[in-house]
Amino acid sequence: MTETTPKTAPWTVQKRTAVLVLADGTVIEGKGLGATGAVEAEVVFNTALTGYEEILTDPSYAGQIVTFTFPHIGNVGANAEDIEDLTPANRHGAVGAIFKADITAPSNFRAAEDLDSWLKHRGIIALAGIDTRALTALIRERGAQNAVIAHDPNGNFDLDALKARAANWCGLENLDLAKDVTIGQSLVWKELPWTLQDGYGEQDAPQYHVVALDFGVKRNILRLLTGLGAKVTVLPATATAEDVLAHNPDGVFLSNGPGDPAATGEYAVPTIGKLVETGIPLFGICLGHQMLALALGGRTEKMHQGHHGANHPVKDYTTGKVEIVSMNHGFAVDSDSLPENVEETHVSLFDGTNCGLRVVGKPVFSVQHHPEASPGPQDSHYLFRRFINLIRERKGQAPLPEREQAA
């Protein structure tokens, strides 16, 4: 046990009803919330102050337990509109959550239910009342941890069995989780970005056609594409290049998603490689970025602790500007492995890891971070306009301003 080993928070006096058991045998006790049961997953931490519902329903968090570093939780409740999972009935996203404080009563006009009830409905096991700073420090020092999170209202746990489950879990390396979170069949997405006056509108006159390969896509990504005039046809992760081209797209989008890019890439990389050669504009985010790098001849690697939060500084070499972005990934592209015809366009100012690339002479680019920013900043919304401008250029149309003009 090191100095950073988390212990039950000193102000917690309730009987333990949940435990987090790490692969090294460390046991952390607290109050159980949400669903009951036990599940193996990787423990990470997220530094965002807001947007817990969007975080927990992001399919990229499949196979993970999210530790929230901000102490307050539940303030705005939960609702059906803020879910990021494309198919909410399947409940793709994080399997567990860890909080410092107990859930507070919601105080927001959009709240439909409290967070505890929502966690139960989503099947997410939660643990509260622990020293999340100490757990975060442990992850920072030792790396993302394989673990089991368990919740029993009676507080009955077979710790030896839970320790064995945590120690024997395979982890995220070599796991293809995209096949678990992707849609079962194609669909056309028409929903527009949310506004205070109208909520979510519906697109009626698209100007372009984008095919999105769904490796775990977030709804807000699709909304931003429709908001720029694109009809979006979403295809399953296993779609072939021939499947994509049969829709006669003006552009192709490679979505975010969970798991190891090398594992999903077993079937996705050949498809991406063929699409790159067509000359059709192509844009990738997160897992899509990583698999594009693999298709171009690069390599990916597992990160020590990953990047998870809405306050990450990234430098855009194409403009010289620094952006504050939202990130959620545990694997990264090895920039030294990229071939000469591929330029690094973005880099993390936290650790220097690759955050973007483009192919010289082709309308192909991608980023590691999440420019749709839900939750998070909007510094990177221009990337969607950059993608649409590649489509417009191919059609002989004038480009849009990359950043919206102030009213």
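The backbone N, Cα and C atoms fix where each Cβ goes, and this holds for glycine too.
The shown structure was predicted, so the numbers you read here are calculated from the model rather than taken from an experiment.
Taken straight from Swiss-Prot:
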ACT_SITE  Cys286  active site, nucleophile
ACT_SITE  His370  active site
ACT_SITE  Glu372  active site
BINDING   Ser60, Gly257, Gly259, Leu287, Gln290, Asn328, Gly330, Phe331  L-glutamine binding site
DOMAIN    209-397  domain 'Glutamine amidotransferase type-1'
REGION    1-205  region 'CPSase'
All chains considered, the count of other Cβ atoms within 10 Å of the Cβ of His370 (active site) is 25
Cα-Cα, Gly330 (L-glutamine binding site) versus His370 (active site), nearest Å, comes out at 14
Around the recorded L-glutamine site (Ser60, Gly257, Gly259, Leu287, Gln290, Asn328, Gly330, Phe331), other residues with Cβ within 8 Å of the Cβ centre, ordered by sequence, are Gly216, Asn256, Pro258, Asp260, Pro261, Cys286, His329
Sparsest Cβ environment (other Cβ within 10 Å) among binding-site residues Gly257, Gly330 belongs to Gly330
Least surrounded, by Cβ count within 10 Å, of the binding-site residues Ser60, Gln290, Asn328 is Asn328
Students should find that the Cα atoms of the residue listed as 'active site, nucleophile' and Gly257 (L-glutamine binding site) sit apart, in Å rounded to an integer, by 7
For Gly330 (L-glutamine binding site), the three-state DSSP class is strand
Quick note, Leu287 (L-glutamine binding site): same-chain residues at least 6 apart with CB under 8 Å of its CB -> Ser60, Ala178, Phe215, Gly216, Leu254, Ser255, Asn256, Gly257, Pro258, Gly259, Pro261, Thr264, His329
